[in-house]
Amino acid sequence: MPIQPVDTLASPVRELSALLKQRVLVTLALACIGCGGMFAIFSYVMPTLTLQAGMSEALGPLVLVIFGLGSIAGNLIGGRMADKNLMRAIPIILLWCGVIQGLFYFAANNVWTGLLFVGLVGTSIALAPSLQTRLMDVAEDAQTMAASLNHAAFNGANALGAWLAGLAISAGFSWSSTGLVGAGLALCGLVIFAAGRWLEKRTYSAVAQRA
């Protein structure tokens, strides 16, 4: 990491001010909701493939490897997309997540298609670089708090995704219904993104009119 100069103006109050910024809160909500689908599927991926698709438990390590490779690819691709056009990358990746996670519902009926889609679901992590960049852009003077809150939001996504998927399974739906839960969360993420952009444009418009 490059050496960074000490910020002599840094203070707890300034860092906590991030919690009062509309764009920060929208981005955190987007991370918590939009990324939950990946965790919904991954939390129950082994019983889904073994009990529904009939996969041998001995292939468990292979499942983790495939998911990991998908995550690596997602991180690399997501970073490039964020560099190219951040605000276009976010909805495109969310749409990708919704489609892939929704199709997992059908793919998980077969071992080999299930394994393929485990890797594709892993690419959902492509959303992380874009959200991290967006959060740092809108946090302004509260960079440290923003970085911490991003990790907290992903932990929230982990808990939320697993909880909602567990509710679906407990209600009697198939193990692969976790894919439908994931698709629903990705769709909610798209709604949050659209609402955030609308609020942002309305705020800019109001400021311009007052000027």
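Just so you know, glycine gets a Cβ as well, placed from its N, Cα and C.
Bear in mind that TrEMBL entries carry predicted annotations, made automatically and left uncurated.
TrEMBL annotations:
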{"type": "DOMAIN", "residues": "24-211", "note": "domain 'Major facilitator superfamily (MFS) profile'"}
{"type": "TRANSMEM", "residues": "24-46", "note": "transmembrane segment"}
{"type": "TRANSMEM", "residues": "58-77", "note": "transmembrane segment"}
{"type": "TRANSMEM", "residues": "89-108", "note": "transmembrane segment"}
{"type": "TRANSMEM", "residues": "114-131", "note": "transmembrane segment"}
{"type": "TRANSMEM", "residues": "152-173", "note": "transmembrane segment"}
{"type": "TRANSMEM", "residues": "179-199", "note": "transmembrane segment"}
Q) Which one of these stretches, 114-131, 152-173, 179-199, has the most C-beta pairs shorter than 8 Å to the transmembrane segment (89-108)? A) 179-199
**Q.** Listed stretch, out of 24-46, 152-173, 179-199, that has the most CB pairs under 8 angstroms to the transmembrane segment (114-131)
**A.** 24-46
(Q) Do any residues, 6 or more residues outside the transmembrane segment (179-199), come within under 8 Å Cβ-to-Cβ of it, and if so which ones? (A) 22-23, 26-27, 29-30, 33-38, 40-41, 87, 90-91, 94-95, 97-99, 101-108, 121, 160-161, 164-165, 168, 173
Q. So which residues does the transmembrane segment (152-173) touch in its own chain, when a touch means Cβ under 8 Å and the partner is 6 or more beyond its ends?
A. 28-29, 31-41, 43-44, 128, 131, 180-182, 185
Q) Counting only residues 6+ away from its ends, which parts of the chain sit with a Cβ under 8 Å from the transmembrane segment (58-77)? A) 42, 45-46, 49, 111, 115, 118-126, 128-129
